[in-house]
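Student: Please see the structure below; I have some questions.
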Amino acid sequence: MKPLNSQTEAQQIEVPSAHPDKVKSWSTEKIRNFSIIAHIDHGKSTLADRLLETTKTISARDMSSQVLDNMDLEKERGITIKLQAARCEYKGHVLNLIDTPGHVDFTYEVSRSLAACEGALLVVDASQGIEAQTMANVYLALDNDLEIIPVLNKIDLPAAEPERVIGEIEGGIGLDCSNIVHASAKSGIGIDDILQSIVELVPPPPAPTGGAFRALIFDSYYDPYKGIIVFFRVVDGCIKSGDKVRFINSKVDHDTVEIGVLTPNQVPKEYLMAGEVGYLYGSIKDVLDARVGDTITLTSEFKKSLLPEYKEIEAMEGYAESVPMMYAGLFPVDADDYENLRDSLGKLRLNDASLTYEPESSGALGFGFRIGFLGLLHMEIIQERLEREYDLDLIVTAPSVVYEVETTKGEIVMVSSAAKMPEQQLRAKTSEPYVRIEVLTPSEYNGKVMELGQERRGILKDIKYATETRSTIVYEMPLAEVITDFFDQLKSRTKGYSSMEYKLIGYRESPLVRLDVLINGDMAPPLSTICHVDQAQRTGRGLVNALKEFIPRQLFKVQVQAAIGAKIIASSSISAMRKDVTAKCYGGDISRKKKLLKKQAAGKKRMKMMGNVEVPQSAFTAVLKIDKSEGSGD
Ligand SMILES: Nc1nc2c(ncn2[C@@H]2O[C@H](COP(=O)(O)OP(=O)(O)OP(=O)(O)O)[C@@H](O)[C@H]2O)c(=O)[nH]1
């Protein structure tokens, strides 16, 4: 794939630049556009900071830790979610660093930001070695024809094993490591060598062809004062502040108010030329107008006014709309918060084109929304932001993948919530999404990983040895098995030494059933789940046991049952108890009594009534907590 050079000869001749004089004298020779790719925690953000500091782009004093990750949540979790860019200068060269998100949920964004570069620093933690995400990102970089510069980071750690890790990079990825930079982003070792390598090894962007302005969007975000700010890489031609631009895939035109470069602060410029990285804003109000991966050009009318002869140019390759991998219901604990939740989702979506939602109502949970997420992390982030930034108390239902059901009438129905699964007698065929998953693990844990793969209905496809001691185990597996606690299980069974990466490979027929939950004989639709028929018995029992744990004792006995259609497959009961939390306080300690009552009230906040039973938040996601490894007994 060569998205940046796909302009044809004919276009080069027929579409002169809108600003020909500027372009004619422009050289890209001194520009280097690069990304940093790494597995989570291998030091990407720390290295980015150090590069900006060494090039005096930003002074050490101004640097709050890790300037490129500027969302609060990112700082707290230490993960990069949104991309940002920074321009620095080194020995007469302009280096544009484009940051990439570090999590599997955001692979598409990584791929688009890499498409805006000619090179990538591959940062590998010298005490850890290559991980699944290192590999996945290297493949993305190779897909985009990037020059890859390996960097061995954290060389200062006593646990660093440079020889072993170099062996892994050479053996597992096939990169020549004879000149690998030994670095410590923390203590500043090797930073000049890295900058020098970027200048020497990363090719400059292609020179302008004389064609019209084209740019690739690699990020955009909403600013309350300026509207949507778009980050892009100019691929060809030139843009001037005030030009009218067209977003080719979104098919919308907008005025630009300001264009400029990122240092990483926004610095306005009059022109941005081929090869440069910058931002623009104007009359854009909706992030859906300026999606990551889209191509920007000048509007037809505008080009016509400048040039009588012009031809429409095409979008660059690789654009995709993000597709949610899973859905969950979000309901306000307090029904009065519904409007607030709707407004808050609207605001979050301004920044996140991958967030999709539609209203949903449930007898038990009231009015809320069914929300599409890219993955579990995405879901956690959205939930946390809604609760923190918008002060909402939410009930979140267990996430579900999207199943495909063919009805007896031959219709295809996509089902993203168990409650919407057609009744058994109306289903002719059911299918579920599968992923190809690659697990990287020290070879001594191969057995443990395969045990887990087996439990999760995985089909073993391959075992590869990156080195004598590290293997890659490849499975095809239902996505539903991966989005639950697969990663947690993998970590705990391999003592934290494994990593994984997956991608969707399509739908496969699978015999599925809807497992319902009854509380004191009443159906509780938000607790229903869809599972493979062979796992129904075990899931039913697990779910009933988990609910027994999560639902607090009530003043009366509560029976919890799991059923498929009319058939009860598991049952358990929670005995009655008078819950007097203050009973423990002897006599007079009124402050302690108050504290306990307050605590109980806070606990109550996240409860919903199912019939006459109080059900806490934890119960709604109980299905995620089922131990799938216990003997099935079915
Ligand atoms: N000892 C040592 N620690 C380092 C070095 N570089 C980074 N760290 C530490 O490693 C941890 C992770 O570093 P980050 O820079 O946040 O890692 P990251 O790859 O950006 O992580 P994500 O943003 O989650 O992708 C932090 O605690 C850093 O202080 C290094 O060279 N030496």
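Here the Cβ of each residue, glycine as well, is placed from N, Cα and C on the backbone.
In case it helps, TrEMBL gives these features for our protein:
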type: COMPBIAS; residues: 1-11; note: compositional bias 'Polar residues'
type: REGION; residues: 1-21; note: region 'Disordered'
type: DOMAIN; residues: 29-206; note: domain 'Tr-type G'
type: BINDING; residues: 38-45, 99-103, 153-156; note: GTP binding site
Student: Around Thr100 (GTP binding site), how many other CB atoms lie within 10 A of its CB?
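Tutor: By my count, 28.
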Student: Filter the candidate list Ala38, Asp41, Lys44, Thr100, Ile155 of binding-site residues, keeping only entries whose CB is under 6 Å from an atom of ligand 1.
Tutor: Ala38, Asp41, Lys44
Student: Using the structure shown, find which entry in Ala38, Ile155 (the binding-site residues) has the sparsest Cβ neighbourhood within 10 Å.
Tutor: Ile155
Student: Other than its own, how many Cβ atoms are within 10 Å of the Cβ belonging to Asp41 (GTP binding site)?
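Tutor: For Asp41 (GTP binding site), the count of other Cβ atoms within 10 Å is 15.
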Student: What three-state class does DSSP give Asp41 (GTP binding site)?
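Tutor: Going by the DSSP assignment, Asp41 (GTP binding site) belongs to neither helix nor strand, so it counts as coil.
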Student: Averaged over the domain 'Tr-type G' (29-206), what pLDDT does the predicted model reach?
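Tutor: Averaged over the domain 'Tr-type G' (29-206), per-residue pLDDT gives 84.
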